[in-house]
Amino acid sequence: MNESNCTKIVNFLKGMRLKTNPNLPGAKQKTPLNIHRFYLLLIIIIYTATSACIYFDWTSIRNLLLNVGKYEHLNISKYADITLSPQYKKINNLYPMTLAIHFTMSVFCGFLYDHIGPKFTAIIGQGFNILSWIFLSIDTTKIDTTLIGFIFLGLGADTAFIPILTVSNLFPDISTFIMTVIGAAASLSYAVPATLNFVYKKYPHFPFYYICYGYIFIILIPCLLVATFLLPMKPFKGLDYYLENDQESDSKNKEQISYTDNDVEMQPSLIQNGNTNVSNNVNKNKATKNIIEGENFHKQSILLFFKVLLSYPSICIIVYFILFNISTVFYGMVTDIYFSYNKSIINIINILMPISFIPCIIFGRFINKYGAAIIIIIMNAFSALMHLTALIKHQAAGLISAFLYMCAASIYTSQIYCFLLNAFPSVVFGKLLGITSLFGGMFSLFCEKLYDNISNSSGNKNDPTTISILLAISFIIMFLPLSILYTRNYEKNIESVNSEKNQIQA
C-alpha cells in the first residue's frame, strides 16, 4: 500500500514537470531585434519585478509615506494611536483611489493593447510612471502633489504591465505558466517600496527627491527603453490562432468516422468527450484567425468582445473579481487594526509579500495543467478564511491569516488573466482583461467608505468585525457560481489539448 502511494506521488510529480516545445509555430514568431524568446522573457521578468504594481503591498507604501512626512501637516496634535490620525487616514485613502484609477485605466489599456499594440501602450504606461515619481518628489503643501503622483501611478500600473503579457504567446504550450511567472515577478515588485524605505532610513540626510529621481533613472528609464525596443508593434499570436488548421482537420476526420461507422460505442471518446470541446474550440479559433487576417479587424474584434462579455463565464469572473478586489484592498487597509494586539505579525506580512512570487509560480504550474477555475475556487476559500482568522485575537490565527493573504495577493490578477486567456479568443484578451479590471477597480472605491464606517460611536476605536464577517459570507455564497464555472469546463486546457491531439493522431 505504501509502495502504491509512493508510486502515485512519483508519477504525480513526474506529470508536473514542465516541458516546452521550441518547434511549435507560436514559439517561432519573430521578435524585436531577433532576440531569443528566453532572453526576452528574462528581460521582461526584470522589467516587471522593478516597475510593476509596486503599491499593492500597501503596508510598505504607507510606512514609506509616513516616514518621509507626507500629509504630516494635517496632524494638529500628536496621537497615541497613529491609525486615528488625519495623516494616517489621508494616506490610507490613497489606496482605493489609486486602485480605482488603476483598474479604470485598464479598460482603455485593453483597447490600446488590442488595437495599437503592446509597444506604444507600454511606452505610455512608463511615461505615467515617470510622471508619478516626479510629482512624489515635490514637497509642498500648496498643491497636493502626493495625490497627483498616485493618480499617475494608477494610470501607469496596468498600462505598463498588460502589454508585456504578450510574451506568454511565445511559449504556446506553457503560456498560462509563463503568465503566472510574470505575475510572480510582479509580486517581487512589492519589495520596491520596502527597499526605498530602507534606503531612506539608512541615509536620512538624503532628501526624499534624491530617492525618487534615483528610482526614475536607475529603473524607470531603462524600462522605457525596453518597451521602446523590445516589445512588438502587434501582440504575438495566441495558441488558438495556430491550432485552427489542426483542429479543423481533426473535426473533419471525426465527422468522416461517425458517418462511415454505425457502431457508436466503438468511439465514445470522440463522440461524447472530444466532439463538443473540439467544435467549440474550432468556432472560437475561426473567429480569432478570421478577425486577425480580415479587413475589418477593429470592428470585428469589438463586436466579438461585446458578444463574449455577456456570456456566463465572463459575468461570473467579473463578479468574483469585484468581491475579491474589495476583500483584498480592505484587508490591506486594516492590517494595523487586525493585528494591533501583536505588531510583529505586520512585520511578517512585510516579509511575506515580496516572497509571494513562490506560491504564485506553484499556482501557475497547477493552472497550466488543470486550468484557472480550480485555483479561483481555492482563492475564494482563502479570501474568506483570511478575514475570519484575522478576527481571532491569537498569534497562530494571525500568522495563518497573513499566510492566506500572501497567497491571495500572490495571484491577485494572474488568476483572472489565465482564465480569460484559456476561456476566450485571444483577439479580445486585452479588452476583456480591461473591462474585468474596470469593474474590480470601481468597486474598490467602496473600501474607503467601509474603512470610514468601522469606527464605533465613541470614535476612539476601530472594529472591522461586522464587515469582515459579511465579506466571508459573500465568499461562501460565491462558491455556487464558481462551482458551475468549473464543472462546465469553459477553459481550453493547454496540456489536455495537446494530449488529446496526440491520442487522436495515435
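In case you wondered, yes, glycine gets a Cβ from its N, Cα and C as well.
Annotation comment: Swiss-Prot describes ASN2 (among others) as N-linked glycosylation site, evidence class sequence analysis.
The feature N-linked glycosylation site is assigned by Swiss-Prot to ASN5 (among others), with sequence analysis given as support.
According to Swiss-Prot, the transmembrane segment annotation covers 38-58 (among others).
If you take the C-beta of ASN75 (N-linked glycosylation site) and look for same-chain residues 6 or more apart in sequence within under 8 angstroms, you find SER85, PRO86, GLN87. Positions annotated as N-linked glycosylation site by Swiss-Prot: ASN75 (among others).
According to Swiss-Prot, the transmembrane segment annotation covers 93-113 (among others).
Taken from Swiss-Prot, the feature transmembrane segment applies to 116-136 (among others), supported by sequence analysis.
Within the chain carrying the transmembrane segment (147-167), a Cβ under 8 angstroms from the stretch's Cβ atoms is held by residues 37, 40-41, 44, 47-48, 51-53, 55, 94, 97-106, 108-110, 112-113, 117-119, 121-122, 124-129, 131-136, 178-179, 182, 186, 223, 227, 231-232, 235-236, 417, 430, 433-434, 437, all 6 or more beyond its ends. Per Swiss-Prot, transmembrane segment is recorded for 147-167 (among others), and the stated evidence type is sequence analysis.
Feature annotation from Swiss-Prot assigns transmembrane segment to 174-194 (among others).
Beyond its flanks by at least six residues, the transmembrane segment (211-231) meets 31-33, 35, 40, 43-44, 47, 50-51, 118-119, 122-123, 125-127, 129-130, 133-134, 136-137, 160, 163-164, 166, 192, 196, 199-200 of its own chain at Cβ-Cβ distances under 8 Å. Here Swiss-Prot flags 211-231 (among others) as transmembrane segment.
Per Swiss-Prot, the feature N-linked glycosylation site maps to ASN277 (among others); the stated evidence is sequence analysis.
Positions annotated as transmembrane segment by Swiss-Prot, on the basis of sequence analysis: 302-322 (among others).
The N-linked glycosylation site feature in Swiss-Prot is assigned to ASN325 (among others); the stated evidence is sequence analysis. Within 10 Å of the C-beta of ASN325 (N-linked glycosylation site) there are 27 other C-beta atoms, taking all protein chains into account.
Secondary structure at ASN342 (N-linked glycosylation site), taken from DSSP and collapsed to helix, strand or coil, is coil. ASN342 (N-linked glycosylation site) has a Cβ environment of 15 other Cβ atoms inside 10 Å. The N-linked glycosylation site annotation in Swiss-Prot covers ASN342 (among others) and rests on sequence analysis.
Under the heading transmembrane segment, Swiss-Prot lists 344-364 (among others).
When Cβ-Cβ distances below 8 Å are used as the criterion, the transmembrane segment (372-392) is approached by residues 176, 317, 320, 323-324, 327-328, 331, 338-339, 363, 366, 398, 400-401, 404-405, 407-408, 411, 415-416, 418-419, 422, 465, 468-469, 471-472, 475-476, 478-479, 482-483, 485-486, 490-491 of the same chain, each at least six residues removed from its ends. Sequence annotations record features per position, and here Swiss-Prot assigns transmembrane segment to 372-392 (among others) based on sequence analysis.
Per Swiss-Prot, transmembrane segment is recorded for 399-419 (among others), and the stated evidence type is sequence analysis. Residues 56-57, 165, 176, 179-180, 182-184, 186-187, 190, 313, 317, 321, 324, 327-328, 331, 338, 345, 348-349, 352-353, 355-360, 363-364, 367, 371-373, 375-376, 379, 382-383, 385-387, 389-390, 433, 436-437, 491 of the same chain lie 6 or more positions beyond the ends of the transmembrane segment (399-419) yet place their CB under 8 Å from a CB of it.
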Problem set entry | Neighbouring C-beta atoms (10 Å sphere around the C-beta of ASN453 (N-linked glycosylation site)) | 10
Problem set entry | Contact check, the transmembrane segment (38-58) vs the transmembrane segment (466-486), 3+ Cβ pairs under 8 Å, seq sep 6+ | no
Exercise. Where ASN453 (N-linked glycosylation site) and ASN342 (N-linked glycosylation site) are concerned, what is their Cα separation in Å, rounded?
Worked result: 23
For this session: Examine the transmembrane segment (466-486) against the transmembrane segment (344-364) and state whether at least 3 Cβ pairs sit under 8 A, considering only residue pairs 6 or more apart.
Result: no
For this session: Given the cut-off of 8 Å on Cβ pairs that are 6 or more apart in sequence, determine whether the transmembrane segment (344-364) and the transmembrane segment (174-194) share at least 3 such pairs.
Result: yes
Problem set entry | Cα-to-Cα gap, ASN325 (N-linked glycosylation site) vs ASN342 (N-linked glycosylation site), nearest whole Å | 26
Problem set entry | Folded-back contacts onto the transmembrane segment (174-194), same chain, C-beta under 8 angstroms, at least six residues removed | 18-20, 41, 44-46, 48-57, 60-61, 63-64, 161, 164-165, 167-168, 215, 238-239, 350, 353-358, 360-361, 363-365, 367-368, 372, 409-414, 417-418, 421-422, 494
Problem set entry | Beyond the flanks of the transmembrane segment (116-136) by at least 6 residues, Cβ under 8 Å | 51, 109, 145-146, 148-153, 155-164, 166, 208, 212-213, 215-216, 220-221, 223-224, 227-228, 231-235
